[in-house]
Amino acid sequence: MAKWAIAIHGGAGVDPNLPEQRQEEAKRLLSRCLQIGVDTLKARQSAVDVVELVVRELESDPMFNSGRGSALTAKGTVEMEASIMDGRQRRCGAVSGLTTVKNPVSLARLVMDRSPHSYLAFAGAEEFAREQGVETVDNSYFITEENIGMLKLAKEANTILFDYRIPLPGADTCSASVGSLVPDTSLQMNGLPISIYSPETVGCVVVDSTGNCAAATSTGGLMNKKSGRIGDSPLIGSGTYACDLCAISCTGEGEAIIRSTLARDVAAVMEYKGLNLQEAVDFVVKERLDEGQAGLIAVSRNGEVACKFNSNGMFRGCATEDGYMEVGIWE
Amino acid sequence: MGWAIALHGGAGDIPVDLPTDKRAPREATLRRCLDLGVAALKAGRSPLDVVELVARELENCPYFNAGRGSVLTTNGTVEMEASIMDGTSKGCGCVSGLTTVVNPISLARVVMEKTPHIYLAFDGAEAFAREQGLETRDQSYFITEQNIERLKQAKEANRVQIDYTQPQPIKEQAIPRSEGDSQIGTVGCVAVDRNGNLASATSTGGLVNKMVGRIGDTPVIGAGTYANTICAVSATGKGESIIRNTIARDVAALMEYKGLSLKDAANQVIANAPKGTVGLVAVTDKGDVAMPFNTTGMFRACAVEDGHSEIAIW
């Protein structure tokens, strides 16, 4: 009998000035979701069921950037995406551009289980949701006051930090003149100051008591993104991956994760270089991200769990059958 | 170390007795695209420019499943997708759900070069295309008689097909697993210049009778398209299979992590996918070329600086 293990995340890249109260709330949410995962694993549920259940829980809570509490597009709306992968046979499902589906990860699961395809998006995905009878709500359900405020700040910041790939002349003076709006231009993610936007994508990876692995990732995406923008979370091999060896869920700068096919690479170095889980995770985060900032959680079929990030913190939690259980934010 | 280029017009169940009137125009297009790509490489154009211009040419040809000539969704509409990747910078651009953009691959490139994003889709992508002044045409421009007929057949058989079907006895299934379901789809091009810089581009209309909103492997980096400093890969076939097997990334990963040659890596990746579902073209920084497939055939062409060139179907 294999040993089960579970890891969850609520995003890599955390504002170092995050108020204490907020940190406590985040840790409570992570603990609660982790416990739900642990209980279902003890009840011998399959890995793919557990990851879906846990991510649903994270989506339903407005704290992180998925489902309710998702970041807003430039138009002020929510467009959500998610993917799920079952390590047995590497079946997968993904969705993008959801605007009314209460639990994107569950729709991704239905794409995997009940459609001839792997990935559905926008109007087609919404139509499929209705055909399948999943719970849908008005787009406003997902929008929080906090994110409306953040969108406004992001728009203001973007007029200053127009393109993060192009260093602005006098960037130092820029931060001085903007004052509290951009307190630390060096701590950015995805081109925005971390005080305004941190990824807060959510995810879960699990190996169950039969040794099967599964992964799921869900997000509202980048604050102030163009409508129609797709990130790494729904892309198999980038934000999510699972095979018979392991399961991975990533978070952080979407571009960096896609270019490095981060999730797939963890499994590939295990498969092709014979690295163990921790070695694989260390290697990939250290060597594959170039200038990008990201984090990931991973489990192996042997009941191991690993988390790694090169960003400033990552909301996460892990538990194994041995009784180990921990949530954390910082290094 | 010289330049090299390989391109494809889709892998699948291409009947060996393909009539001349269907075979000739496709071979002519492959030849024309190869010549264009070779001329551009000789002229010192970057691999990124080369793969884009070849993919554009393939998109403009109505006989291949990309741009004009794209297969139809279940609603009888066209939804095109594409991706492009620059091996040197690992920059990438992807688009999906395009309905009026004449050259999806060019929009993918603009996404890569002019936005902080990698992937734009559907209405947002169409709006961006207009902002950027890319050429757009009414949907009818993309739709061909052949594809209207294919869709009709697919609906009658109640199945989702990849493309280029042979007339088949009617079977009741929604999932494309029956024998003879042609697995072609997609066009693509990979190229390396004399300095070892690599690039890859892939473009498609997707699956015949696909659900509206269905995205395949073509715009998924690591699945249909991949390029780094070691090799560039463009895949074609059954999208769902290519995604699960992360085909394009795996060729590079086997070379990188297991030290396999391009030939061995490409063959292994193809062999590990279900028979009849995938094909790919790939080149390395050293100018090696591979074009394996596990389908009946794959429309393909390649050329290397030392003079060898090839155009083939089976």
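For all residues, glycine too, the Cβ spot is worked out from N, Cα and C.
Taken from TrEMBL as is:
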- A:T201: active site, nucleophile (ACT_SITE)
- A:R229, A:I230, A:G231, A:D232, A:T251, A:G252, A:E253, A:G254: substrate binding site (BINDING)
Worksheet item: Between the binding-site residues A:I230, A:T251, A:G254, which lies closest to A:T201 (active site, nucleophile), Cα to Cα?
Response: A:T251
Worksheet entry | Three-state secondary structure, which DSSP defines for A:G231 (substrate binding site) | coil
Worksheet item: Mind pulling out which binding-site residues among A:T251, A:G252, A:E253 sit under 8 Å from chain B, Cβ to Cβ?
Response: none
Worksheet item: Given the binding-site residues A:G231, A:G254, which one's Cβ is surrounded by the fewest other Cβ atoms within 10 Å?
Response: A:G231
Practice prompt. Mind computing the max CA-CA distance among A:R229, A:I230, A:G231, A:D232, A:T251, A:G252, A:E253, A:G254, which the record assigns to substrate binding, rounded to whole Å?
Written response: 16
Discussion item. Excluding near sequence neighbours, so keeping only residues 6 or more apart in the same chain, what lies with its CB under 8 A of A:I230 (substrate binding site)?
Written reply: A:E81, A:S96, A:G97, A:A121, A:G221
Practice prompt. Would you please pick out, from the binding-site residues A:D232, A:E253, the one with the fewest other Cβ atoms within 10 Å of its Cβ?
Written response: A:E253
Worksheet item: In terms of DSSP three-state secondary structure, what is the assignment for A:G254 (substrate binding site)?
Response: helix
